[in-house]
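Annotated features in TrEMBL:
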ACT_SITE  A:Lys220  active site, proton donor
BINDING   A:Gly8, A:Cys9, A:Gly10, A:Gly11, A:Val12, A:Gly13  NADP(+) binding site
BINDING   A:Lys120  NADPH binding site
BINDING   A:Glu205  L-homoserine binding site
DOMAIN    A:152-349  domain 'Homoserine dehydrogenase catalytic'
Protein chains: 2
Amino acid sequence: MPAVVILGCGGVGRALLKQIAATKLTVAAVCDSKNALVAANGAFTAAQLSAIAEAKAAGKPLAVEGATVVPVTDSAGLAAVLKQCKEAAGGKCFVADCTASDATGPAMAEAGVAVALANKKPVTSSIDLYNKLALENPRNFRNESTVGAGLPVMAMLRRMVTSGDPISRVAGCFSGTLGFVMSGLEAGKKLSDVVAEAKSLGYTEPDPREDLSGMDVARKALIIARSMGWKLEMDDVKVEGMYPPEMGQDKMSVDEFMAALPSLDADMAGKAQAAAADGKVLRFAAVVADGKCLVGLQSVPKNTAMGALQGTDNIVEVISSCYPVSPLVIQGAGAGTETTASGVLADLLELADIHA
Amino acid sequence: MPAVVILGCGGVGRALLKQIAATKLTVAAVCDSKNALVAANGAFTAAQLSAIAEAKAAGKPLAVEGATVVPVTDSAGLAAVLKQCKEAAGGKCFVADCTASDATGPAMAEAGVAVALANKKPVTSSIDLYNKLALENPRNFRNESTVGAGLPVMAMLRRMVTSGDPISRVAGCFSGTLGFVMSGLEAGKKLSDVVAEAKSLGYTEPDPREDLSGMDVARKALIIARSMGWKLEMDDVKVEGMYPPEMGQDKMSVDEFMAALPSLDADMAGKAQAAAADGKVLRFAAVVADGKCLVGLQSVPKNTAMGALQGTDNIVEVISSCYPVSPLVIQGAGAGTETTASGVLADLLELADIHA
């Protein structure tokens, strides 16, 4: 019986715990940032999975009757747990990484397990780690939920790459938060007002600069470029954020930043108006083409799929040999715990099919 | 070594022959409507595959040095060839069906091979055959190129269905020809003019009623419904074509039909104007929802992905538990021999991964 190990008990991990109970997969262990909970006989029951999710949602420690709690303090400790689960399962171990941790990637690589990632860290740190996880054995690697939540972006790119359809350009909007801001600018709102609105609706991180810096989009651009076989590092991605360096996290507090935002309104309104005068709209986009990854504001024609995008939806447009002019487009909700967990679950089921 | 058998040497089959040469897959046999060409040692070389494609493109019979020609006159004969290839390959045989034949489905089911289909017939005839090919062993079944050419529509639906994301509605435009006609109507052209234009550009079948009847779209709607587990037959799909029964293929010739088309112009222009007055546009769409498949003209809001569609692109919109309001959308070229062959090739590579 193959073992599934779930790393992370935040929103996505807990949603996955509940979704997985309805499938043929069996969960052998669940880990949070402190402990691994290992099922006594190699498989939790659906009731146990539900109990674990509920306990964690209530802020309680990771525990359930009839399971062993193993403290996990570092990457080596996690690797040891994964190796143990893999051995107990006769060598077949599928790890769902729903954390935001740096430590899981090296542990998964060392344990030699198959992975389904929501966590972007393992695939955006060194190219060496990426090679170990993704390239050395593609049959052991899935990462749908690292880009566009559950939207089948990575699955589509994999199909195109493996079938030898040369991709020349991938462009997309991968931040629901920045999509909301762009729709607001398009409707004539001030940048400072629409960011404040997004913050009050909970669309931004507590510090909106986490979104406005564009770094999350940059990580997704890197993941896409690497999936096409490009040997790029994070430093190779050119990112132009939505605010100047003097308003950075090392220079002012969140409150000071929000107070300073109106100073950017006029410039941004000017850019939006210039785009509109040209039949275009502003989008905060990633463009992966010609060996380069560019992330930042773009003016795109209104009558394209990306130009017609509204609100928090994500979109990706791909130009390839088979789609030379009118791109292949996927769009939809690119965030949400259920959706992200669904993407991880679909990846796990593909791994299970491959290793059946 | 697993055996790939390619059925059909039309445009898609020939494109596949050339694409497959660049992969790890090995082709053991190629069949046209009269013969099977079986490689002497179980695998054609890239040069042989290329020679076969070129000979067929030049209208020559299926033959290449060092291969056996086996006449195939019916489904039983094809099943015998498939069984032989499967046995020679140690039980692993992947069949790419690039024909438009009724005979291949029963043969593939009888031989118990894994299939990658561009041919819609095997999955739109009886539900019994569909069960045998698709449901009894999902690990042996792929059919990306039966809907939207190489667009990853079926792969996306499979991921959603297997991960337990309940789908409540699938709507789409799956005819590039009818998309071209709808864009023409939207631009104020007469129906008869835009159909004549599509015919002269080669976008329609020689008899445009093959497209305008909506039957090809209806087959795709049935395939989508069945992929969601619905036990429907072709008769359960409600199809409203673009012309009345008295203009059918049993009533008049192609020339008579084209001459009679202007009689429909006023009615169609009225529908297009009524839609426009309401902020909508006409689309020839398939809607799979509430246990029913409906195919025919729909008025859809201009500011949706389907409403913004232009030209010959295909589109599919999916509403599910994870995408409850803003749908998951895939759009792009839904026709073309290279694209269709790419979809079959990606399916074959997935089957090879699963059965490695």
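Glycine is no exception: its Cβ is also placed from the backbone N, Cα and C atoms.
Overlay of TrEMBL annotations on the structure.
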{"residue": "A:Gly8", "record": "NADP(+) binding site", "contacts (Cβ under 8 Å, 6+ apart)": "A:Cys31, A:Asp32, A:Asp97, A:Cys98, A:Thr99, A:Ala100, A:Ser101, A:Ala118, A:Asn119"}
{"residue": "A:Cys9", "record": "NADP(+) binding site", "contacts (Cβ under 8 Å, 6+ apart)": "A:Leu17, A:Val30, A:Cys31, A:Asp32, A:Ile52, A:Ala53, A:Lys56, A:Leu62, A:Cys98"}
{"residue": "A:Gly10", "record": "NADP(+) binding site", "contacts (Cβ under 8 Å, 6+ apart)": "A:Cys98, A:Thr99"}
{"residue": "A:Gly11", "record": "NADP(+) binding site", "contacts (Cβ under 8 Å, 6+ apart)": "A:Thr337"}
{"residue": "A:Val12", "record": "NADP(+) binding site", "contacts (Cβ under 8 Å, 6+ apart)": "A:Cys98, A:Ala118, A:Ser145, A:Thr337, A:Thr340, A:Ala341, A:Val344"}
{"residue": "A:Gly13", "record": "NADP(+) binding site", "contacts (Cβ under 8 Å, 6+ apart)": "A:Ile6, A:Leu7, A:Val30, A:Lys56, A:Ala96, A:Cys98, A:Thr99, A:Ala341"}
{"residue": "A:Lys120", "record": "NADPH binding site", "contacts (Cβ under 8 Å, 6+ apart)": "A:Ala100, A:Thr146, A:Arg219, A:Lys220, A:Ile223"}
{"residue": "A:Glu205", "record": "L-homoserine binding site", "contacts (Cβ under 8 Å, 6+ apart)": "A:Asp211"}
Per DSSP, three-state class assigned to A:Gly10 (NADP(+) binding site): coil
Shell of the NADP(+) site beyond A:Gly8, A:Cys9, A:Gly10, A:Gly11, A:Val12, A:Gly13, same chain only (C-beta within 8 angstroms of their C-beta centre): A:Arg14, A:Ala15, A:Leu16, A:Lys56, A:Cys98, A:Thr99, A:Thr337
The residue listed as 'active site, proton donor' CB neighbourhood, other CB atoms within 10 A: 26
Taken over the domain 'Homoserine dehydrogenase catalytic' (A:152-349), the model's mean pLDDT: 97
